[in-house]
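Colleague: Pasting the relevant annotations from Swiss-Prot:
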BINDING   HIS67, GLU70, HIS164  Zn(2+) binding site
ACT_SITE  GLU228  active site
Amino acid sequence: MQHELMDNHDFLAFTLAHPHGIAQRFSFELGQHTQVEVWDTGVIAFLPKEKYTAQAPKQVILSCAVHGNETAPIEICNRLITELLTEKVQAKHRTLFLIGNPPAIHNQTRFIEENMNRLFSGAHSKGEGLTHAERIRAKALEDYVAEFYLGAPSNEQRIHYDLHTAIRPSKHEKFAIYPYRPGRAYSGEQIMFLAACGVDTILFHHEPTTTFSYYSSEQFNADAFTVELGKVMPFGQNDMSRFEQTQTMLTKLVSGEALGLSAFSAEKVNLYKVCRSINKRFEDFAFNFADQAENFSAFTKGEVLATEGGEQVLVEQPQEAIVFPNAKVPVGQRTVLCLVPAPNENIR
């Protein structure tokens with residue numbers, strides 16, 4: 001299998017050729033400097049053979065394709081993996097890449113049976129249990145994160161960027177969700193790293209969730225984010241020039257280059273916090289705004305956001321912006337997040 005991968009240095013092609021798994025793990029060396037380990041389909045680790053002393057050591061996870069039709073993050077990760085495999089770039093920090101849902105990539109759909117980004121932190125085993133491939137894969141991805149982070153000292157910085165693109169356009173093209181982390185300050189350095197990636201808008205979440213980034217944050221104290229890099233497009237239709245900042249900064253991060261970050265400044269980024277999550281209670285749930293409304297569209301107090309079960313869902317704050325509206329989710333799941341400005345968060 002090593003020859004299959006190294007013939008063209010295309011880990012995405014290798015993954016899609018084995019969407020449901022590989023027979024066994026394999027590993028090999030790059031030069032005298034890096035141990036490469038393929039743990040599963042879509043799971044590849046680059047492990048430097050010597051500890052990098054020019055910077056504090058980091059443990060970096062880059063994940064994509066938790067939703068199979070979000071292609072730009074897949075292309076970003078695959079390009080970096082190819083540069084590592086061809087030794088154009090050398091990993092100085094331990095780095096794990098995760099291509100989340102290969103069958104959904106084949107299917108060109110967000111998921112096959114169930115939204116995988118609602119299946120972490122043990123949600124995969126609740127209710128019906130491990131009854132289909134996406135639940136089984138979510139559990140496996142958790143296990144790979146645990147294996148990776150626990151393979152290095154716990155006092156080293158742990159980072160996890162779960163890369164996505166959004167279903168609809170956005171007033172802020174690139175934004176990131178900072179998972180709920182009670183008792184821990186938010187990292188100004190991480191916010192400025194994301195800003196250097198072109199991600200100039202941060203949402204502070206207000207409660208535990210079952211997303212991949214929350215799992216890494218809550219279980220391993222990782223600096224973890226769900227990073228939205230634009231709008232969903234099919235393979236071949238992404239304008240990759242729009243992701244050059246992201247590609248450059250992720251490459252610098254993995255390769256140990258100086259990041260050259262500015263000091264944290266709230267004036268350089270847009271900061272929001274989630275004020276509430278509206279879950280679907282009835283099948284007739286319907287939004288009161290246009291289907292094409294952009295993420296971060298704003299509404300004023302008293303406006304009708306949605307109707308369901310004969311009741312109106314009203315804007316409660318002086319102004320609320322919305323992200324991720326989706327009326328088609330199953331009853332009980334989130335239909336939209338409502339946001340307010342967040343000028344006074346605990347950022348250090």
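Cβ atoms are placed via backbone N, Cα and C, with glycine included.
Each of the listed features needs to be described in terms of its position in the shown structure.
Modeller: Within the same chain, residues at least 6 positions away in sequence whose Cβ sits under 8 Å from that of HIS67 (Zn(2+) binding site) are GLY100, ASN101, ALA104, ARG110, PHE111, ASN115, MET116, ASN117, HIS164.
The Cβ of GLU228 (active site) has HIS164, THR165, ALA166, SER170, LYS174, PHE175, ALA176, ILE177, VAL199 as same-chain neighbours under 8 Å, each 6 or more residues away in sequence.
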Colleague: Counting every protein chain present, what is the number of Cβ atoms, excluding its own, within 10 Å of the Cβ of GLU70 (Zn(2+) binding site)?
Modeller: 26
Colleague: Given the Zn(2+) site residues HIS67, GLU70, HIS164, which other residues of that chain have a Cβ within 8 Å of the mean position of their Cβ atoms, reported in sequence order?
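Modeller: Nearby residues not in the site list: CYS64, ALA65, VAL66, GLY68, ASN69, PRO73, ARG110, ASN117, LEU163, THR165, ALA166, VAL232.
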Colleague: Return one of helix, strand or coil for HIS164 (Zn(2+) binding site), based on DSSP.
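Modeller: HIS164 (Zn(2+) binding site) sits in a strand per DSSP.
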Colleague: Around the C-beta of HIS164 (Zn(2+) binding site), how many further C-beta atoms are within 10 angstroms, looking at every protein chain?
Modeller: 27
